[in-house]
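> Marked as ATP binding site by TrEMBL: GLY11, SER12, GLY13, LYS14, SER15, THR16.
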Amino acid sequence: MIKIGITGGIGSGKSTISDMLRKKGFSIIDADIVAREVLKIYPEILQKVKEQFGKEFFNEKGELKRKEFGNYIFAVEERRKKYENIIMPFIIEYIFINLDKFKEEGKQVCFVDAATLIENNLHKHMDVNILVWVDSKTQIERVKNRDHLTEEQVIDRISSQMPLEDKKKVCDFIIDNSKTLEYTEKELYRALREIGKKYRGVECLKL
Ligand code: ATP
């Protein structure tokens, strides 16, 4: 099974590309969904959160007060990192479990959509890595509109991430998502066909 990583920055268009792939019937592991699933699967995550952040983020039933906790950790970089250190090993483990599952099911290709694919070294486990790139002016505009944030807030979020120009250096394909969706879709198929040339027996890449 060919493992293809899809990465980018905030609002660069990873979900947009993943949706296009889903429509074509491809299997996708979405790291954002995995990040929610692991909380249910591994109770030790919330146990560690309780130990390191305090009981006040849990209700009487012992459930995490998601919104309150989210606001608390995303307000300060250090807190977010502390939470990521707790949860990330479980996210990575569960991504690999899902990859194994798809392989056992006989899938020829599986995509992993993860904003921090490179930061967490997951790109090294992929056969091919695709960067969803967007110019910074378009990126700021799209995130401002999508998340109803000010320009300053968007710039803060973008600067807290690894620059797209650095991600470019370690990816095999760059999809320019600064233009229309039709253009992006063409770019995506072009990349898939190129990958298909390398893995000749893979029928689903013959688009
Ligand atoms: P995040 O990691 O922040 O969740 P993302 O990389 O998954 O973001 P998307 O949610 O796919 O990015 O795209 C960001 C916003 O830009 C969305 O509102 C989406 O509809 C819009 N968008 C994406 N690509 C295009 C495009 N080519 N033309 C116009 N709008 C686009």
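Our numbering is plain: 1 for the first residue shown, then up by one each step along the chain.
Including glycine, each Cβ sits where the backbone N, Cα and C put it.
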> Within 8 Å of the Cβ centroid of the ATP site residues GLY11, SER12, GLY13, LYS14, SER15, THR16, which other residues of the same chain have their Cβ?
GLY8, ILE17, VAL132, VAL134, ASN177
> Is SER15 (ATP binding site) helix, strand or coil when read with DSSP?
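Its secondary structure by DSSP: helix.
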> Which residue, out of the binding-site residues GLY11, SER12, shows the minimum number of other Cβ atoms inside 10 Å of its Cβ in this structure?
GLY11
> Ten-angstrom check, please: count other Cβ atoms within 10 Å of the Cβ of LYS14 (ATP binding site), all chains counted.
25
> Test of understanding: give the count of other CB atoms lying within 10 angstroms of the CB of GLY13 (ATP binding site).
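Taking all protein chains shown, GLY13 (ATP binding site) has 25 Cβ neighbours within 10 Å.
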> Just counting, how many other CB atoms are there within 10 A of the CB of SER15 (ATP binding site)?
17
